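Below is one structure, written out as structure tokens; comments come after it.
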Amino acid sequence: MGSCQSNENSEGNARNKEIEKQLNADKRAGSSIVKLLLLGAGECGKSTVLKQMQILHSNGFTEEEVNEKRAIVYNNTVSAMCTILRAMDGVLHLPLENGQKEAEKAIVMKVQENGEEGEALTEEVSRAIQSLWADPGVKKAFEMRSEYQLPDSAKYFLDNCQRISEPGYRPNDQDILYSRVATTGVVEVKFKIKELDFRVFDVGGQRSERRKWIHCFDNVESIIFITAISEYDQVLFEDETTNRMIESMQLFNSICNSTWFLSTAMILFMNKKDLFMEKIQRVNITTAFPDYEGGQNYEEAVAFIKQKFAELNLNPDKKTIYMHETCATDTNQVQLVISSVIDTIIQKNLQKAGMM
């Protein structure tokens, strides 16, 4: 993404410093603002949940934000195809079924080689991506995606390539929800509900990012921990020897039982339930949990994973874990879950204030 990425990084650094400054000021002032912290391992869907909150409670996206996301959508679309093509060559050793499409492969790969994947898709590039996406060899490589690192949004953007490449394209809310750029530092959304001011923070999910920020949030009202239950057969982007589900459970364990968060409510979003529902029919969760003896179906497998997370809570008498199965890209479903979460928080605040 070239200069687009570097500009985002510099702007992000300035924003991170401002947020940290405000957090420290809030702490000194003993602020009554309701602070929620989104945590989870990389690519679990935290940023998507935060964007949903922005759509539902914070007047959506500004024109400037929409323009920024346009470049990210272009990038995600080109990168998705390039990632599949590279995996076909280097990991899967799969050829294109139609050898005549090698020229189209070269067209798409050249966009990334030139650092132009954040630019508007030309008609030539769009046609090449759509043609490659229809190739049975590419489809087979997509089905084998757990063997390499491919974002969950790849299918969405490749399916929508023609629309995305149209002149005057403007990302809609769904495009923005699916768009993906790794969170570095802290991203914040503010909104007001029933006279309460909410501040929600998304902390970068990769290991290095988490270490930088966790100490800043010892006074948050609740932690929304997000785990991608569909990733039980995948490894980390930053460590390809570690199973993503196991990493998520280890992180949950450290947060749930941390001295920083002894009195903080824990809300667990078991995210990507739609992908889990599809995958469980093909891949058993014994991949991550050899002790699982239940059926290869959604209900039994999810119940088992819930129990695994519940067992990590070392203080169940004092700390309740509220669990929700979610699909972060489904606005209607997320709205119901977030409303339930916010109602719970409001009730707790009223109890603290002695009004219940």
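Backbone N, Cα and C atoms are what each Cβ position is placed from, and that goes for glycine too.
Per Swiss-Prot, the stretch carrying the note region 'G2 motif' among 130-138, 157-165, 175-183, 283-291 is 175-183.
Residues 326-331 are the range that Swiss-Prot records as region 'G5 motif', among 56-61, 110-115, 326-331. Among the ranges 83-90, 147-154, 235-242, 267-274, the one that Swiss-Prot lists as region 'G4 motif' is 267-274. Residue with the densest Cβ environment among the binding-site residues Leu177, Val181, Val203: Leu177, by other Cβ atoms within 10 Å. Listed binding-site residues: Gly40, Thr183, Asn271. The one with the lowest count of other Cβ atoms within 10 Å of its Cβ is Thr183. Over the region 'G2 motif' (175-183) the predicted model carries a mean pLDDT of 90. With the fewest other Cβ atoms inside 10 Å of its Cβ, the least crowded of the binding-site residues Cys44, Ser47 in this structure is Ser47. For Ala328 (GTP binding site), the same-chain residues that are 6 or more apart in sequence and have a Cβ closer than 8 Å to its Cβ are Gly45, Thr48, Val49, Gln52, Leu177, Ile226, Phe269, Asn271, Lys272, Val334.
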